[in-house]
Amino acid sequence: MMKFLKQVGDYTKEAIQAGKYIGQGLSVTFDHMRRRPITVQYPYEKLILSERFRGRIHFEFDKCIACEVCVRVCPINLPVVDWEFNKETKKKKLNHYSIDFGVCIFCGNCVEYCPTNCLSMTEEYELSTYDRHELNYDNVALGRLPYKVTNDPMVTPLREFAYLPKGAIDPHDLPAGSRRAGLRPEEIVEQSQQ
């Protein structure tokens, strides 16, 4: 009889322990059920990108002086600049400019070092095609004005990180009552006015 009671007691302890483990696992599940969804319903919802987003390159043909700085600073020598020397004006005349976005790494060096600012990064990132040769943009395709996500009536623009659960990106701030190193811009202005 004692052996039977001991077995029942052991079984009860194991059942309680198993219930604890199941409860711990389900607590994680229920915790995630209370959070907001993390995914974005992509074709119908798009994130508003930051100003410094490096998307498709926009090219202004009239500003380009065919100096080929963009080719020299590109890590893979990607932009193709075709020009001819005009003997009358003694200047280069740009004939053709192209960038293959299938190869481009979107580093932004060409935009940064361009002396005439004829290149700029846009917020376009939807460059998918069925044929990789369609990713080779010539000066006409590069000159096409970029679109903005916020101007598309079929898309719900979402603020950056607004879709994340609350507390997911809370700043790691200083303890209450302590000061940051240095001065804030407002404090510098106040000091200069005094």
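The backbone N, Cα and C atoms fix where each Cβ goes, and this holds for glycine too.
These numbers come from a predicted model, not from an experiment.
Swiss-Prot lists CYS104, CYS107, CYS110 as binding [4Fe-4S] cluster 2, and of CYS74, CYS118 the one it places in that same site is CYS74. Listed in chain order, the extra residues whose Cβ falls within 8 Å of the Cβ center of the [4Fe-4S] cluster 2 site residues CYS74, CYS104, CYS107, CYS110 are ILE57, CYS70, VAL73, PRO75, ILE76, LEU78, PRO79, ILE99, ILE105, PHE106, GLY108, ASN109. In sequence order, ARG54, CYS74, PRO75 are the residues of the chain that are 6 or more apart from CYS107 ([4Fe-4S] cluster 2 binding site) and have a CB within less than 8 Å of its CB.
Around CYS74 ([4Fe-4S] cluster 2 binding site), taking its Cβ as the centre, 18 other Cβ atoms fall within 10 Å, counting all chains. Confidence in the domain '4Fe-4S ferredoxin-type 1' (55-84), given as mean pLDDT, stands at 94. In sequence order, ILE57, VAL69, CYS70, VAL73, CYS74, PRO79, LEU119 are the residues near CYS110 ([4Fe-4S] cluster 2 binding site), counting only same-chain partners six or more apart with C-beta under 8 A.
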